[in-house]
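Accompanying notes for the structure given below.
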Amino acid sequence: MKEGSDSSSGVSSGSGTAMASPRAFQRRWAPADEISLLEAAASHRQRHGGMPSPGDLAAALRGRLLTEDHHLDARAVSRQLASLRRRYAAAWRRLSSRGVVPVKDHDLRIYRLSKSLWEGSRGCGARKPIARHEARELGELEALYPCLSAEVEAVEASRLCAVPGVFRRSFRRIGDEKAAELEAKAKRLRLAELKVGVRLDMLRKEVAETILDLID
């Protein structure tokens, strides 16, 4: 029958228009808005000792986000918090198993805010990721964090070290989370220095060629 045909095809018998999928109305969050959401939740938890309701967060964020407030309601906030919590749990597993921390500033900020909300909850670590502060062999640390180890040696050889060996001995007690964070920073700095060095070599070559052309 015609009525049955309309019903099975997913078309409204009254209007003749297709039913919209709920996914079409899911809000897209800008990176800065994710940080605003987590900051609002962390601030509430710090003041009141518990997580705010999604409805309260939606009301607090309305008018403060970069993207439009369309579809910013309790459901949108709850969905995004769940997504951020899953991302934190995945990042924590990477950190706890391989010592890998987020490299980008935005991702690191998201991780730290998420940690303040969900550290110790199910799937997110009952303690700080590999927070091992017992002394380890320098060889192990050098293999895990080669760039950081080189920086420790540089500090050890500098005038900052009044007592020989003190930085090297204390380095053995560093926690993996902080070590991985410093390793990432040291790698970024070395890459930047390498790029500057290459550009400087190119400039010097250009200068030399220009001066040589001027020689009589």
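In case you wondered, yes, glycine gets a Cβ from its N, Cα and C as well.
Feature list (source: TrEMBL):
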COMPBIAS  1-16  compositional bias 'Low complexity'
DOMAIN    25-119  domain 'Glabrous enhancer-binding protein-like DBD'
REGION    1-22  region 'Disordered'
Model confidence over the domain 'Glabrous enhancer-binding protein-like DBD' (25-119) (mean pLDDT, whole number): 85
Counts by DSSP class (helix H/G/I, strand E/B, coil) across the domain 'Glabrous enhancer-binding protein-like DBD' (25-119): 66 helix, 0 strand, 29 coil
